[in-house]
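Swiss-Prot annotations:
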type     : residues                                                                         : note
ACT_SITE : LYS11                                                                            : active site
ACT_SITE : ASP136                                                                           : active site
BINDING  : PRO94, VAL95, ALA96, ALA97, GLY98, LEU99, ALA100, GLY101, GLY102, SER103, ALA104 : ATP binding site
Amino acid sequence: MQACTLIARAKINLYLEILGSRPDGYSEVAMVLQSIHLADRLQLKSRPHGIHLTCDRPEVPTDARNLAYQAAELLQKECHSAAGVEIHIEKHIPVAAGLAGGSADAAAVLVGLNQLWGLGLTVGELQSLAARLGSDIPFCIQGGTQLATGRGEVLEPLADWEGIPVLLAKPKHLGVSTAWAYQAFRSRREILGATAPSEPALPTLPQALAALSRQDPPALARSLRNDLEQVVLPEYAIVGELRQALLSAGALGSLMSGSGPTVFGIMPSLELAAQARDTLRRQFQDVEFWVTQFAPTGILLQPDPCSLSPS
């Protein structure tokens, strides 16, 4: 194989609870991650040596700051490969949006180069390497619906729930740093401690898992939770405004994804999602909207099916 094309799907967080801090500086979390059909498209082509990365979005770095570039470097080092690769990223997932766009691209490079270079790594081996680059990348490799614990790299697949309509909303000129959001949450928890004002009762992980097991959209909507909203919403008022706007437009439930600023609404139907998108576009002219759906997988290798061995 000399070249391949991959579809790298975005993710949303249906549930994100921060349990505490870890000695390694990360946060201990419990999350439910869900792939959606909004996706980047990557083209990989063999070259004699070196890594050359291009992207159709000028704001995306094309050097070692890019996770996709780092993924190729990591495989070269760990597999003692002198082979090179040309990587082109066609971006559709917004940058710094809480949708794991960079992580999905890195996952696609790991999957694609495993095929292109004939490395024969299992999914489990790829996910172990992926965890060294970022906490969302192991999930992005397989995708679907999964419970993530630890710092997000310990995964437990849940029953796939395909086709649930989702409406995404992201302020065009706003990005939120994941590192800032987690640090702000830790600082808030340390400062407030036991004196923190009582919060309204938050959904729990068992409630979210029960809704998923029953495949009950209204119950899922009631169990949506993202602890990072506690620091992002006070800092960026537009995020809270968009959450409320999605609910007013008919969403069963609405939540910020990851560290934001993207918010999503679980919609009753694709038709209502499209109607809400058109209405909200007139109301929020500096916000991008996408209608999408839950997806059952993460990385899709085209045109041939992925031949990774299960771990």
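Any Cβ shown, glycine's included, is placed from N, Cα and C.
Neighbour density for LYS11 (active site): within 10 A of its CB lie 29 other CB atoms from the protein chains shown.
Straight-line distance linking the Cα atoms of ALA96 (ATP binding site) and LYS11 (active site), rounded to a whole number, equals 13 Å. Classification of GLY102 (ATP binding site) by DSSP places it within a helix. Cα-Cα distance from PRO94 (ATP binding site) to ASP136 (active site): 16 Å (rounded to the nearest whole number). Other residues of the same chain near the ATP site, with their Cβ within 8 Å of the Cβ centroid of PRO94, VAL95, ALA96, ALA97, GLY98, LEU99, ALA100, GLY101, GLY102, SER103, ALA104, are ALA10, ILE93, GLY258.
Geometry remark: LYS11 (active site) versus ALA100 (ATP binding site), CA distance 6 Å.
According to DSSP, PRO94 (ATP binding site) sits in a coil region rather than a helix or strand.
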